[in-house]
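Residues annotated as Zn(2+) binding site in Swiss-Prot, with sequence analysis given as evidence: C13, C16, C32, C36.
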Amino acid sequence: MAESRQTRLQVKCPTCQTAVVWEPENAFRPFCSQRCKLIDLGGWADGKYTVSGQTESLPEISEPDMAYR
């Protein structure tokens, strides 16, 4: 019986551009490592990345309202 060859999906790590196989075993996908994942997270925290759209104002919460949350 011949084995069927499945094409494995490869993507580039968004941080370092290394080829990464997209499989459930890769806990860091789409990143190649925990390090690249944390570098990306730091970029979001520093405001390097943004999501376009309009800013929505939030209702103000008074001190008594906060006691019930």
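Positions of Cβ are set from backbone N, Cα and C atoms, glycine also.
The model shown is predicted, which means the values in this text are computed figures rather than measured ones.
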For the Zn(2+) site built from C13, C16, C32, C36, further residues of that chain with CB within 8 A of the site's CB center: P14, T15, Q17, T18, V20, F31, S33, R35
Residues satisfying Cβ distance under 8 Å from C13 (Zn(2+) binding site), sequence separation of at least 6: A19, V20, P30, F31, C32, S33, C36
Those residues of the chain, 6+ apart, with a Cβ under 8 Å from that of C16 (Zn(2+) binding site): C32, C36
C16 (Zn(2+) binding site): secondary structure state under DSSP, collapsed to three categories: coil
Secondary structure of C32 (Zn(2+) binding site) (DSSP, helix/strand/coil): coil
